Amino acid sequence: MRTYHCLTLLIWTYMFHIVDAIPLQEKANNYLPSKRTLDLTKDNGKMLRRSKRGWMWNQFFLLEEYTGTDTQYVGKLHTDQDKGDGNLKYILTGDGAGSLFVIDENTGDIHAAKKLDREEKSLYILRAKAIDRKTGRQVEPESEFIIKIHDINDNEPKFTKDLYTASVPEMSGVGVIKTALPDMSRENREQYQVVIQAKDMGGQMGGLSGTTTVNITLTDVNNNPPRFPQSTYQFNSPESVPLGTHLGRIKASDPDVGENAEVEYSIAEGDGADMFDVITDKDTQEGVITVKQNLDFETKILYTLRVDASNTHLDPRFLHLGPFKDTAVVKISVEDVDEPPVFSKVSYLIEVDEDVKEGSIIGQVTAYDPDAMNNLIKYTVDRHTDMDWIFSIHSENGSIFTLKPLDRESSPWHNITITATEINNPKQSSHIPVFIRILDINDHAPEFATYYETFVCENAKPGQLIQTVSVMDKDDPPRGHKFFFEPVPEFPLNPNFTIVDNKDNTAGIMTRKDGYSRNKISTYLLPILISDNDYPIQSSTGTLTIRVCACDNQGNMQSCNAEALILSAGLSTGALTAILLCVLILLILVVLFAALKRRRKKEPLIISKDDVRDNIVTYNDEGGGEEDTQAFDIGTLRNPEAREDSKLRRDVMPETIFQIRRTVPLWENIDVQDFIHRRLKENDSDPSAPPYDSLATYAYEGNDSIADSLSSLESLTADCNQDYDYLSDWGPRFKKLADMYGGDDSDRD
């Protein structure tokens, strides 16, 4: 072994001495004492030159794991500037310089100071330069060179892992991994374990080996078809189930896994292929039987289906093992249920004229019982859809008739709901919408579309358009509206205005004379006869009010009131305001005067002119203050002054004045009833008192009133007479008073 290494070292040393070294990095060096130049060509008198380096080295190669006693020789650095006189000094820097690699500064020999390992580091980059010992100048520029470590077989093979795992599709043949059984099946055994040995076959270390373990898992392939656990399935379904209802599930098993076990279900054939459907549940890999069309027990009670279960992912390598599907029979029994009535249509549309008479039949609905019993059905109107009770229906035959008049203009459509109910089982009922369209009848006359405020200028010329009118009609004829305008028959020719039918459902009002006067006529009424073209023809008269107004030269209205024209030529606004203020003051004065006169007016002696009795005397004298209320106090009856003063009859003028009889004071009497009876008795026995059937009314002033009695009768004294002859001059109304007071002395007797 040692001899082998020595021989290699000698070979490498020899190569280093005979091969010129080529630097990896060249730099310009101005310090070289000598250069060789080669004249290549001349360009404009300029000489091209090439510099030649003086360094002599190449890449150095070194074996790893050197086991000799001396240091391992790497190579030698040399320059042609070295004359062998010891003036040059070689310096080494870079990876491992001074520690791993040392250089003889005089000769340039490089040695490895330590044993190197390529597995740790296979490449070292160093830099070398040569300097003059005396001057310190570089005689060669610093350049890089590489030392590569050569590999020797000094390591045994090792696996990167202690345990490896691998997967192989089942049923694989001979290939990269030689199997003992070419038809290995995952269903029989899923995992295998293999021990692998690696052996080094060359080099000094040949024969070394390493081992590892490989776990091999067989992956699944689609080599098994699905299989139903049973060949026949039985399901029951009521006939009233809605569409899409799940009736049951079936499943085919597949020993494969993953996508190789995915199954798709389909109906192959059968008498119920158009009535039922099967869908695949991807989560459970089951087939779900669903209802595709409505079932009817009375039509068919049993259906038979053939359902296939097939693999969705087929492997072409194993198609010869197929077919990869299985078939099962599915039987479905339909059960009878009591079903609600069925209408002959999903909805009804009825059209009726709006002038149909009450009680008229406008349409009919029909329904039947789908059950075998064929129960009787009655019809009703859902009153929530006909709150006004406009329609009704015959309960037996479904004929719809009207209960009230129809009006298209108020309700052009009526949407009602009809209910059909089994008589034997009221819980079974169905509903159907009925749309009733009211057809239009020409029963409305056209009328003005809006209220028109029309005016004509006083300076208008004949033929001027002053207004365009349009009309509206609540009816809706199928051919559209067409209106006609003309004067009313009573006034076929209007001297002031002309009605022009524009033939587009509008009419123009034109002036017919030259000029109009607000002073003469301020407003014109123009009747217009409007009619339509439907049957029966409807017409109406619209009256257009036209005011006469003052306008400027452009026809713009300025004023339409005749009063404004008059006032504009007379008083100003301030004068009118003063006049109105004076009138208001006069009215106030008149009202105040009337109020004062009413307060001074005296009451007549006899209130009613029809009351001619001569024994009724009324005294209604005003008081003078708040204490007038004492006149109504019961204490007035106990007033000694009123009781003891002589009171003469005031209705007649007595000839003899009787002596007033004084009564005993009753100051201490507190019994009012007894007091009144006593006073009544005194008056009955007093010859100077009024007659028995006379009515005497006494009104006394309050004690604190400063006013005397207002009665004119109080001014009459018993010692003088008053002349009443003037009553005879007052006419027949005062004849009675004149006879009573203005008579002769014989009359008084």
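Yeah, the Cβs are placed from backbone N, Cα and C, and that goes for glycine too.
Keep in mind that TrEMBL annotations are predicted by a computer and have not been checked by a curator.
Summarising the annotation, TrEMBL assigns domain 'Cadherin' to 79-159, 184-228, 229-343, 344-448, 448-565. According to TrEMBL, the feature signal peptide maps to 1-21. Summarising the annotation, TrEMBL assigns transmembrane segment to 565-596.
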Counts of helix, strand and coil residues, the domain 'Cadherin' (229-343), according to DSSP: 10 helix, 56 strand, 49 coil
For the domain 'Cadherin' (448-565), residues assigned helix / strand / coil by DSSP: 4 helix, 55 strand, 59 coil
Residues in the domain 'Cadherin' (79-159) grouped by DSSP into helix, strand and remaining coil: 0 helix, 39 strand, 42 coil
